[in-house]
Amino acid sequence: MQSIEDIWQETLQIVKKNMSKPSYDTWMKSTTAHSLEGNTFIISAPNNFVRDWLEKSYTQFIANILQEITGRLFDVRFIDGEQEENFEYTVIKPNPALDEDGVEIGKHMLNPRYVFDTFVIGSGNRFAHAASLAVAEAPAKAYNPLFIYGGVGLGKTHLMHAVGHYVQQHKDNAKVMYLSSEKFTNEFISSIRDNKTEEFRTKYRNVDVLLIDDIQFLAGKEGTQEEFFHTFNTLYDEQKQIIISSDRPPKEIPTLEDRLRSRFEWGLITDITPPDLETRIAILRKKAKADGLDIPNEVMLYIANQIDSNIRELEGALIRVVAYSSLVNKDITAGLAAEALKDIIPSSKSQVITISGIQEAVGEYFHVRLEDFKAKKRTKSIAFPRQIAMYLSRELTDASLPKIGDEFGGRDHTTVIHAHEKISQLLKTDQVLKNDLAEIEKNLRKAQNMF
């Protein structure tokens, strides 16, 4: 039995995973569950500005999450937190809506904002977008499975949801299931405990499209990997589409069974890298237009130059600037944006380490010219520092393996993997090398902070 306070806290945990920290802190952190009137879930916001923004931007999103948690369809209403209305909190019994085969219909699991029309295409995600669209148009015929990997907040989940929406819109009665690998694991464990493994298998092996997020969390879970292996085989054999996301390619997921890794590589593997400046500006423009905001170009350029880590933080920064403008009752300018973002920009910028910066730091330490990192020379005095630079590029940046290979003279991504594995092994026993890398990283971060 859950009170609405419990349900709201569970809702906030899901919201937090789908929003940047600045966005969450600005809009959601201070909200509370106020009351339940009939079928209306009432949420209290700290002021009328936040209330209006949430009402315009997040009503459906919150309703979807509430349905996923409770199995009930709620109307969602936001009120100003200053209102002094008191209602008795209601207890809700979860009762998930199932179709005739016992499979959750799945539409409520998809974020309505995550569709292809709202996805901003750039050089870092163009291939992943094209592959996702091809899969949506021809499930199980284009690429199966489709494996998308990349850093946090770069659009992997957006593309997965977009495929789900597209399939449901264009194929009657299509069963689409979206979930994280953590949820798959938790439900599997519960099914064993409650002696309901057959119901669990029916639920996940009778869908047309399975979208599973953050597959890397299956690492080390042998029982869950076994179950997912058979689920994968059943869906694949029945020509059902499987889309998987991860923060790294299959080869780099530790303690993942070889048979699963092999199956993940049957289809197409594509990565998403951080957006370049032009794409970041385009993302901000699209966000501003969608939310009906009039943001000067100089402000968008300023934000795009300061926030270059991922899309969630970029959009969160824009929201923070808008909220700050309203609260202090000042026009939105680049100066106001700098003031609004002063708490998050220093930590963000100080962490920006580039491959070229790593090459400079390693080259200076080992007396290797920058051009030698990209040359074909294999002498130990050059090859070993090059491997160290590749290792650090993998450890300290969000760049993909192909991107790192390109920065080192167009080398294949397998060369990067080999370099990373070699240095990783040496670091376990070689104290001198460990000290060298610590000194290089110290010099690198010092140079970044000076910049």
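Each Cβ is built from the backbone N, Cα and C atoms, and glycine gets one as well.
If you look up Swiss-Prot, you'll see G153, G155, K156, T157 marked as ATP binding site. Counting every protein chain shown, the number of other Cβ atoms lying within 10 Å of the Cβ of T157 (ATP binding site) is 22.
Residues or ranges marked as region 'Domain I, interacts with DnaA modulators' in Swiss-Prot (evidence: sequence analysis): 1-72.
Residues annotated as region 'Domain II' in Swiss-Prot: 72-108.
The annotation region 'Domain III, AAA+ region' is assigned in Swiss-Prot to 109-325.
Along the region 'Domain IV, binds dsDNA' (326-451), the predicted structure has mean pLDDT 85. If you look up Swiss-Prot, you'll see 326-451 marked as region 'Domain IV, binds dsDNA', on the strength of sequence analysis.
Summary: among the binding-site residues (G153, G155, K156), the fewest other C-beta atoms within 10 A of the C-beta are counted at G153. In the three-state DSSP reading, G153 (ATP binding site) counts as coil. The ATP site is defined by G153, G155, K156, T157, and by the 8 Å test on Cβ atoms against their centroid, the other residues of the chain that qualify are G150, V152, L154, H158, L159, S245, I272, N310, I311, R312.
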